[in-house]
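Okay, structure first, notes after.
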Amino acid sequence: MSQSSGGTSTPTTTATQPTSTSTQTPGTTQLLSTTSTPTTTATQPTSTSTQTPGTTQLPSTTSTPTTTATQPTXTSTQTPGTTQLPGTTSTPTTTATQPTSTSFQTPGTTQLPSSTSTPTTTATQPTSTASQTPGTTQPPGGASSPTTTVTQPTGSSSQTPGTTQPPGGASTPTTTVTQPTGSSSQTSGTTQPPGGASSSTVTSSSSTGSNDPCNSNPCKSPASCVKLYDSYFCLCLEGYYYNNSSSCVKGTTFPGEIGMSVNETTDLEDKNSVNYQTLHSSVVKFFENTFKKTDYGQTVILKVSKDSLMSSRSVMRAATQTVYVSVVNMFGENTKEDEESVASVIKEAVKTDNNVERYFQQDRCDYYGCVKSGSNVCRNGLQCTCKPGLERLNPQVPFCVAPTCSEPCSAEKKQLCLKKDNGAMECGCMAGYRKANGKCEECPFGYSGMDCKDQFQLILTIVGTIAGAFILILLIVFIVSMRSKNKKKSGEEQNLIEDDFHNLRMRPTGFSNFGADTSIFPKVKTGVPSQTSNPYANHRSMPRPDY
């Protein structure tokens with residue numbers, strides 16, 4: 001028998017009546033960790049399958065006989081000279097047929113390294129039909145691996161087997177069985193790297209069932225399952241935290257608010273969204289890592305908001321946004337931790353986490369709506385005293401809240417629940433509105449407060465108007481008086497100047513007040529006077545000589 005280098009022959013044996021013999025050709029060698037799994041096909045009486053010497057078995061050769069099995073005596077022998085290395089398993093399979101049924105290989109048959117033999121067997125009830133389709137790939141040094149599919153009476157199945165065996169690898173058969181009820185499809189595939197071990201991955205999809213992870217009731221009673229996008233978490237009543245071993249356990253509450261840096265803020269109000277699940281996972285993981293050395297129990301997210309409920313400052317980064325998550329961290333009932341120690345540990349962890357920006361500690365009494373008293377510091381919300389105006393509606397609920405009205409009040413309609421003097425609750429209008437025509441309407445100008453009874457704005461408007469008018473009148477009087485005073489002063493000065501220049505005569509110098517009527521400056525006469533003003537020039541006053 002001639003085989004390609006490193007190949008292993010897979011004899012096919014058929015048992016006959018009364019004695020069936022399975023023979024392996026001497027000299028056959030099975031390599032380490034190689035599994036030889038012969039495949040037997042049941043045939044009708046007097047059916048012989050023969051391969052002549054020198055015949056080359058090509059891929060996709062199909063032999064499909066039909067047979068009825070009887071009960072014979074099967075014997076399997078190995079011819080001397082067969083060598084099985086350590087770890088080699090030879091598992092011949094014998095199928096009983098009627099007498100005179102033999103299948104053998106003639107020496108000299110050559111099997112190509114890339115020949116494919118993929119037997120596929122289908123069994124039905126009550127009539128059995130066996131069909132074989134050679135399609136197994138035998139690379140050098142490899143061994144064939146059959147893939148078997150069994151279909152049970154009820155339902156239908158479709159399978160697509162695919163096995164890849166590179167040189168030097170060992171094959172691992174993959175078998176898929178469909179269930180009797182329903183319809184399913186499975187696709188199996190085995191990939192073996194050179195010289196490595198096989199790794200199989202099976203992906204199955206079912207047409208029945210739902211994607212809701214809470215349908216299987218994974219949480220122990222009395223905890224409830226809260227569904228996220230494709231996961232869930234278990235939630236207990238207030239004051240309790242969920243423990244996988246014992247369900248809900250009574251604990252100690254430490255409320256607070258944490259600022260988280262996120263890339264996307266859409267749908268954070270929807271617990272079934274992808275973004276909320278991502279945020280929930282980040283917050284829970286942060287606190288689990290922070291309190292891993294304590295008796296920490298669970299973190300419960302109360303609310304997610306873009307605005308902080310405990311700080312007026314908000315932080316915006318270039319590529320990310322900040323959301324504020326109201327949380328409650330649960331510890332053991334007898335924990336040694338207090339509010340200060342818990343807040344200190346969280347603030348230290350914030351410094352080393354890039355996704356967490358800050359932590360705000362919330363007072364436990366404010367969280368429950370109780371009055372601070374004693375050293376217990378509202379450790380038990382059911383026993384604390386409610387603040388004025390708040391009351392505990394249910395004795396089993398630790399929160400103190402404002403009482404509600406018997407009739408519904410809507411903030412959209414500008415309504416709120418008010419408490420009368422007799423303690424009864426009534427739905428009334430908000431401040432700045434009053435009830436008119438069966439609904440809350442805005443107060444007219446100048447009125448405000450409850451039922452528009454506050455007239456402060458109207459009084460302030462009237463007083464302001466009067467004061468403004470009085471100030472304006474004073475300003476006008478002041479301007480008029482100043483202008484009249486300035487005008488009177490200018491007239492007196494002008495009269496004095498005119499009188500002074502009118503009476504002024506400058507005879508020796510020839511100046512006279514010729515400009516007094518139209519100008520304040522005097523004019524000078526440039527003409528030669530007809531008579532000299534020098535007394536010595538007067539000849540009539542001086543005697544003349546006689547000669």
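Note that Cβ sites are derived from N, Cα and C of the backbone, with glycine treated the same way.
When Swiss-Prot is consulted, the disulfide partner of Cys236, picked from Cys219, Cys225, Cys248, turns out to be Cys248. A helical conformation is recorded for Cys365 (disulfide bond) in the three-state DSSP classification. Residues within less than 8 Å, Cβ to Cβ, of Asn243 (N-linked glycosylation site) and separated from it by at least 6 positions along the same chain comprise Val249, Gly297.
Remote same-chain residues near the transmembrane segment (459-479) are listed as 446 (criterion: CB distance under 8 Å, separation of at least six residues from the stretch ends). Shown in sequence order, Gln415, Leu416, Cys417, Cys427 are the residues of the chain, 6+ apart in sequence, with a C-beta less than 8 angstroms from the C-beta of Cys409 (disulfide bond).
In the three-state DSSP scheme, Cys400 (disulfide bond) falls into the coil class.
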